[in-house]
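According to Swiss-Prot, the feature ATP binding site maps to Phe12, Ser13, Gly14, Gly15, Gln16, Asp17, Ser18, Thr19, Thr20, Cys21, Leu22, an assignment based on sequence analysis. As annotated by Swiss-Prot, Zn(2+) binding site applies to Cys191, Cys200, Cys203, Cys206, with the evidence given as sequence analysis.
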Amino acid sequence: MSASVSKVVVVFSGGQDSTTCLIQALTQYDEVHGITFDYGQRHREEIDVAKSLAQRLNITSHKVMDVSLLNELAISALTRDAIPVSHELMENGLPNTFVPGRNILFLTLAGIYAYQLGAEAIITGVCETDFSGYPDCRHDFVRAMESALVQGMDKKLNIITPLMWLNKAQTWALADKYQQLDLVRHHTLTCYNGIVGDGCGDCPACHLRQRGLDDYLQNKSAVMASLTQAIETGKPQA
């Protein structure tokens, strides 16, 4: 992360991960601009949650962008109400909640928006350590997208991924480090069924979130120490 970065664009869904990234960014940068994408998602309540959180956290600006074309192109349990969310993997080894091209599109549009604003970096809450199995959450993908944006727009632009090498318990610890654990727990929306806070308790997103929270609450000191170590001496931050 460059010391010269002062203005950033956060890809902001209103969920646990992106909200934690937003909270951290507000302590590190002069201008924090959020961008939220409306793609006709199953859990589209997250858009209103993102609007509310952006106002509550007093970020520099918040833009909601209509990308409904993605809904037409990408068939997934998150873009089709008729497809139930499954706990089983598909034949290709991916969850049926995977939306093909979603992060390719989101990071491309965030890059264009960053160019327009004169921002030096994009922040996204993707994670390879403790994630849902999506290929577009991996470190190598993010680096490839960063390279494509830099070459395609002839502009220096970093994609920062603060959570890339953290597990879910450490992500909860990060929110707690900034004294925002309760806000993230009770006012974000991660649930695929659109239920704020602890969610439905049944979908894969809720299971992952709750397991991480339980791990953190049962081992606060150890997890916080591991978070500090991961930040200071862990794998290089993407």
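Including glycine, each Cβ sits where the backbone N, Cα and C put it.
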Residue from Gln16, Ser18, Leu22 whose C-alpha is spatially nearest that of Cys206 (Zn(2+) binding site), among the binding-site residues: Gln16
Other residues, Cβ within 8 Å of Cys191, Cys200, Cys203, Cys206 Cβ centroid (Zn(2+) site): Thr190, Tyr192, Asn193, Ile195, Gly199, Gly201, Asp202, Pro204, Ala205, His207
Least buried by Cβ count (within 10 Å) of the binding-site residues Leu22, Cys206: Cys206
Gln16 (ATP binding site) and Cys203 (Zn(2+) binding site), distance between Cα atoms, whole Å: 15
Env. residues of ATP site, Cβ within 8 Å of mean position of Phe12, Ser13, Gly14, Gly15, Gln16, Asp17, Ser18, Thr19, Thr20, Cys21, Leu22 Cβ: Val10, Ala50, Gly125, Thr188
Which listed residue (Thr20, Cys203) has most other Cβ within 10 Å, given these are binding-site residues: Thr20
Secondary structure at Cys200 (Zn(2+) binding site), reduced by DSSP to three states: coil
Whole-number Å value for how far Cys191 (Zn(2+) binding site) lies from Gln16 (ATP binding site) (Cα to Cα): 10
Position of peak Cβ density within 10 Å, selected from the binding-site residues Cys191, Cys200: Cys191
